[in-house]
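Student: Heads up, here are the entries from Swiss-Prot:
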type	residues	note
DOMAIN	1-159	domain 'Obg'
DOMAIN	160-327	domain 'OBG-type G'
BINDING	166-173, 191-195, 212-215, 279-282, 308-310	GTP binding site
BINDING	173, 193	Mg(2+) binding site
REGION	332-363	region 'Disordered'
COMPBIAS	353-363	compositional bias 'Acidic residues'
């Protein structure tokens, strides 16, 4: 499946139906009075986070979503039918932005979260609504209110427990393939990985999700290479695994290059816990390995792990270190404050939404 992490979408909710101008007509009833019903409410446009998706590719082929209009009211005080809602199914981790691409509307981080992006117009009142003691036969009704329309941006930030970062050919995809069932493209040339890959790793019967993103090079924050846009996919991780290839001539410089790009990107990536590992050590003899390990330790300020996806050396130790930090970060996580919502805007989970489907159906 092709990967797409950003999409532009046009949405429009349904217009409300017009109220009816009608009078009761029955035999032997000379002045039946008004009986025009109200118009139906237009359909809403919703967005919902669902499992089983990890790309926005569907929105490349369909960019327009319109809810149906409410039907007009009818005589005998019959209210028009409400318009049908439209729901955009998106992956968990999708953010919705206004057309300026900066104003966030909502952030869907859990399965089943829903948000109303555009409310349908209310139906107009029929002439029966306007009957008073001084006007027994009003001959007017309200038109339905128009729906809302807007252009929005969908931006996907994958949700994973740990993120892999490093220069191109640092062995990130090889690491992912060796500890999970993911099958990313692996080759001996830079930028083999062109989009993020996810995999589930298991150590000591504990599972966690790893995210592999394309490699960073010097100047990535300025658009060099394929830029740093994919760093958004490791913003939500608990810990970063920074891989430095043992084949680099200067491993200390390689580490600092990636670290500088993380700092330039911002969004508190450098504040995340970090595990540093010297990868692809199977290509070195012991003397060279000792030398490069010492150089990398000096650059990062800690003793790096030594790993090889080919021989399996050090792999379990790294996974356990990742697991321990993830468990600790999850235990220390503070509940997020509920966002301030506008009138009638809702973010609800699927279980809280049961039995409330008709709550907003009144005109």
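For all residues, glycine too, the Cβ spot is worked out from N, Cα and C.
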Student: Do you know the mean pLDDT across the domain 'Obg' (1-159)?
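Tutor: Value for the domain 'Obg' (1-159), mean pLDDT as a whole number: 94.
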Student: Provide the three-state secondary structure of residue 169 (GTP binding site) computed with DSSP.
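Tutor: DSSP assigns residue 169 (GTP binding site) to coil.
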Student: Do you know offhand how many angstrom separate residue 214 (GTP binding site) and residue 173 (Mg(2+) binding site) by C-alpha?
Tutor: 9
Student: Within 10 Å of the Cβ of residue 280 (GTP binding site), how many other Cβ atoms can be counted across all chains shown?
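Tutor: That number is 21.
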Student: Check the DSSP secondary structure of residue 195 (GTP binding site), expressed as helix, strand or coil.
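Tutor: Coil, per DSSP.
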Student: Around the C-beta of residue 214 (GTP binding site), how many further C-beta atoms are within 10 angstroms, looking at every protein chain?
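Tutor: The answer is 25 other Cβ atoms.
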